[in-house]
2 protein chains.
Amino acid sequence: MAELLKGKPVGDLLDETTKIKVTMLKAKGITPTLAILRVGERQDDLSYERGATKRCEKNGVAVVNKILPDTCSQEELMTAIKELNEDDNVHGILMFRPLPKTLDEKAACNAILPSKDVDGITQGSMAYIYSGQGDGYAPCTSQAVMEILKFYGIDPKGKKATVVGRSLVIGKPVSMLLMNANATVTICHSRTENMEEVTQNADIVVAALGKAEMLGREYFKEGQTVIDVGINYSEEKQKLVGDVKLDEAEGVVSGITPVPGGVGSVTTAVLVSHVVEAAQKSAL
Amino acid sequence: MAELLKGKPVGDLLDETTKIKVTMLKAKGITPTLAILRVGERQDDLSYERGATKRCEKNGVAVVNKILPDTCSQEELMTAIKELNEDDNVHGILMFRPLPKTLDEKAACNAILPSKDVDGITQGSMAYIYSGQGDGYAPCTSQAVMEILKFYGIDPKGKKATVVGRSLVIGKPVSMLLMNANATVTICHSRTENMEEVTQNADIVVAALGKAEMLGREYFKEGQTVIDVGINYSEEKQKLVGDVKLDEAEGVVSGITPVPGGVGSVTTAVLVSHVVEAAQKSAL
């Protein structure tokens, strides 16, 4: 049976590093601060906000909440972003998406300073992830994948990594991060033919399709590491499931992240580490 | 023997489309104009400038030359870029690199408006290539690869494409363009193990290492299309050669671009097409 690559110890270790940095920053009079910008009252947003706030508190990182009604105007939203950009006491900005359809989401994203863009949603962060130049951060989930590999001693260097999915939130950035870590990366998507062959050919498979239990036994082979980024609600099973059929894959591969309890539980720890990194940079 | 995928007819056909667009723009009183910004008198730059100028002239595209001495200050360079950005009669800007080491090249690149960045060197263009959002252009050479595939009827959709090289000038952008065209893309580099196996596994191989005749017969198999982006001077052969051993590969694969006379001869045609596209957008 595959080793279950649980996220909790990965997040806990990230928190240990974060706490040390926070102590050092506070000794300099700096309290790392995350601004959470929420428009409306979506359940998903509220749930993530609770998790992120709890993780910040645990690590001594302050949270500033900026809440706008879902009837707010573009101008009100842009003003809120501008104020957070200009506030030297705010080091990171997390803006929940999707925004209400009455608002211009792209304009709002790109108004955030890349140096405060701790979840990697601005054009500046995208250029940074792609080129390695400029300011910005990788989306937290994509970096959570890398933290899990690192924690469990799986060095991507020289290995073949197949990423299933090419979204801007996870597929593309995690491909770039794996390539930066010297993996030979293949990116699969809906138009890929014989995908089983492509995933079987890899040492590391990152599943990021966002489709419940799409990848069964036939996609995997012995010795592989599988990182399942999907978090989907299965009506049939009445519970959260990943993009991978865990019960089938774990009989074949060497290691796999569970859902829930895998990548998702590392994401907020990465978010908080980004806020602290931004605070460190602002102190330079 | 492999079909030689020559660049000339590809560039010629691009020029035909360009000429029609130029005629339409001139009827509206707009002369598409490329500004060439050169610092110093490097032979490579002068040679490319001659080729680009000739291609512009052939297509009715105007060229403005802005030449600075290699002793110029950063301020003088930035002022020149600002003037070209603000000049509504200039639609595209081509700045030669590398700049003299006394100058901050990154700052200069990023000062160019992405909407005029016809060779894709700004952070804005990089974010555009990566995300498909915002303004910008792909580096001309990377798009030249796509134009060759299109001309010779090779649709990347559903095919496996292996790109050898991960530079910002060619490897990364051509990987993104191939992925946008629905290929399943694998990116190889210096840390890739068993590269022969990875290239042999592809339907399309793009060689962009910048190392003379690195890829011999063992990297290829029957039926493949090979696009050789390398342009290297071989001391031994006293002539230009690609990254692929042409004489070895052409006995195996189905189609291959020659060097010289392949990708290189499409690049300036793409450049001119970008200038015309920028002029069209400015007229909207």
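Even glycines carry a Cβ here, placed using N, Cα and C.
If you check TrEMBL, you get these features:
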{"type": "BINDING", "residues": "B:Gly165, B:Arg166, B:Ser167, B:Ile231", "note": "NADP(+) binding site"}
{"type": "DOMAIN", "residues": "B:5-119", "note": "domain 'Tetrahydrofolate dehydrogenase/cyclohydrolase catalytic'"}
{"type": "DOMAIN", "residues": "B:139-282", "note": "domain 'Tetrahydrofolate dehydrogenase/cyclohydrolase NAD(P)-binding'"}
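This view paints the features noted in TrEMBL onto the structure.
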residue: B:Gly165; record: NADP(+) binding site; contacts (Cβ under 8 Å, 6+ apart): B:Gly171, B:Cys188, B:His189, B:Val206, B:Ala207, B:Ala208, B:Leu209, B:Gly210, B:Val229
residue: B:Arg166; record: NADP(+) binding site; contacts (Cβ under 8 Å, 6+ apart): B:Lys172, B:Ser175, B:Ile187, B:Cys188, B:His189
residue: B:Ser167; record: NADP(+) binding site; contacts (Cβ under 8 Å, 6+ apart): B:Ala208, B:Gly210
residue: B:Ile231; record: NADP(+) binding site; contacts (Cβ under 8 Å, 6+ apart): B:Leu240, B:Gly242, B:Val259, B:Pro260, B:Gly264
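For the domain 'Tetrahydrofolate dehydrogenase/cyclohydrolase NAD(P)-binding' (B:139-282), DSSP puts the residue distribution at 54 helix, 28 strand, 62 coil. Of the residues the record lists as binding NADP(+), namely B:Gly165, B:Arg166, B:Ser167, B:Ile231, the two whose Cα atoms sit farthest apart are 16 Å from each other.
The helix, strand and coil residue counts that DSSP assigns across the domain 'Tetrahydrofolate dehydrogenase/cyclohydrolase catalytic' (B:5-119) are 60 helix, 18 strand, 37 coil. Using a Cβ-Cβ cut-off of under 8 Å to chain A, the binding-site residues B:Gly165, B:Arg166, B:Ser167, B:Ile231 reduce to B:Arg166. Mean pLDDT, taken over the domain 'Tetrahydrofolate dehydrogenase/cyclohydrolase NAD(P)-binding' (B:139-282), works out to 97 on the 0 to 100 scale.
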